[in-house]
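TrEMBL annotations:
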DOMAIN    30-318  domain 'Gcp-like'
BINDING   His118, His122, Asp311  Fe cation binding site
BINDING   Leu140, Val141, Ser142, Gly143, Gly144, Asp173, Gly186, Glu190, Asn283  substrate binding site
Amino acid sequence: MDGTLVFLGIESSCDDTAAAVVRDAPGGAEILSSVVEGQVALHAPFGGVVPEIAARAHAERIDHCIEAALAEAGLGLDALDGIAVTAGPGLIGGVLSGVMCAKGLAAATGLPLVGVNHLAGHALTPRLTDGLTYPYLMLLVSGGHCQFLTVSGPEDFTRLGGSIDDAPGEAFDKVAKLLGLPQPGGPAVEAEAMTGDPRRFALPRPLLDRPGCDLSFSGLKTAVLRARDGLLAAQGGLFRQDRADLCAGFQAAVTDVLAEKTRRALDLSAVPALAVAGGVAANSTIRAALERVCAERGVRFTAPPLRLCTDNAAMIAYAGIARFRADGRDGMDLSARPRWPLDSRSPALIGSGKKGAKA
Ligand code: KG4
Ligand code: ZN
């Protein structure tokens, strides 16, 4: 199957309702439209994603997003060659909303239905955005996931390691919370860190003393909490500089850990390129450190533009086309899977992040 294919993609696995249309032609792939409706405001009062609220919002908004994506692409359903939908991993109510909607559309139009692993969507995005060729190393760092994957084909992933507890974005969010900074915590902590001294507090670099590519961020967050409590006990409150120094120290620790584990993953995988994706990839200190590691190793560094690094449906449409070209398709028995490791050969990781199993 070498010809041009146009797919609708549907994504609803966490707190973004998204639909997109992607055309994949022999000359390259093109995003014809990409609509993402976030739910930040709905969940903000609860300090985290509430699965029931997310599922209801997806069910209410998904058809609007699909209509908007088709309108933006200037296409009707009759112009499509298939429907790709995130079938997991993620919050089950949200994934079900998308899968049921996709099944309805496939049944009504007779179009092929392709269930996509959300993580495969992230992992294949650098092919869509930067034309990366297989194999490459992928570092997914977001609010819900953290893993190193060697990507060797549309359905060929090898996990080299991942977080055994919190995802790094989750740790940024928790540190922001304990320092009284707004959510999402990543950008707030990064802004504070700019005026901070990363050396003032001696914070741990978890798991660096152990071989391999697994990571851990929970103890680091606890170390920030202890340092904060020490300051509170000693001086009755936090000065602005204290907060900046804690943020800078925390960010430096995360950066050191990600850089060293990336070195190890590059050594293990021996691939010519690294792609980084997920919200944490927006952090300029972390990004610069990863770029330096790649330069040291003579490896190409890529990071998709942020709107395609974070959750979206263009990556689902694109991964759906890749799977379809490899003869992957599903019937009306396609089920929604809350957990769905990309690499079934690797042992399961313990941590899944505060937002459920997603990236
Ligand atoms: O990929 P993403 O949008 O999906 C979810 O996991 O929801 O990632 C969001 C995460 C949040 O935890 C946020 O705090 C973090 O990415 N993040 C950052 C930065 N921008 C967003 N972390 C560190 N530095 C940033 N500049
Ligand atoms: Zn994701």
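Cβ from N, Cα, C; glycine included.
Heads up, TrEMBL stuff is auto-annotated, nobody curated it.
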DSSP three-state assignment (helix, strand or coil) for Gly144 (substrate binding site): coil
Rounded Cα separation (Å) that holds between Gly186 (substrate binding site) and Asp311 (Fe cation binding site): 16
Asp311 (Fe cation binding site) versus Ser142 (substrate binding site) - Cα distance in angstrom: 10
Of Leu140, Gly144, Gly186, Asn283, Asp311, binding-site residues neighbouring ligand 2, Cβ under 6 A: Asp311
For Gly186 (substrate binding site), the three-state class that DSSP assigns: helix
Protein Cβ atoms within 10 Å of Ser142 (substrate binding site), excluding its own: 25
Where the record names Leu140, Val141, Ser142, Gly143, Gly144, Asp173, Gly186, Glu190, Asn283 as binding substrate, the maximum Cα to Cα distance in Å: 19
Sequence-ordered binding-site residues from His118, His122, Gly144 with Cβ under 6 Å of an atom of ligand 1: Gly144
Nearest of the binding-site residues (His118, His122, Asp311) to Leu140 (substrate binding site) - Cα to Cα: His122
C-alpha spacing of Gly144 (substrate binding site) relative to His122 (Fe cation binding site), in angstrom: 13
Rounded mean pLDDT for the residues that make up the domain 'Gcp-like' (30-318): 95
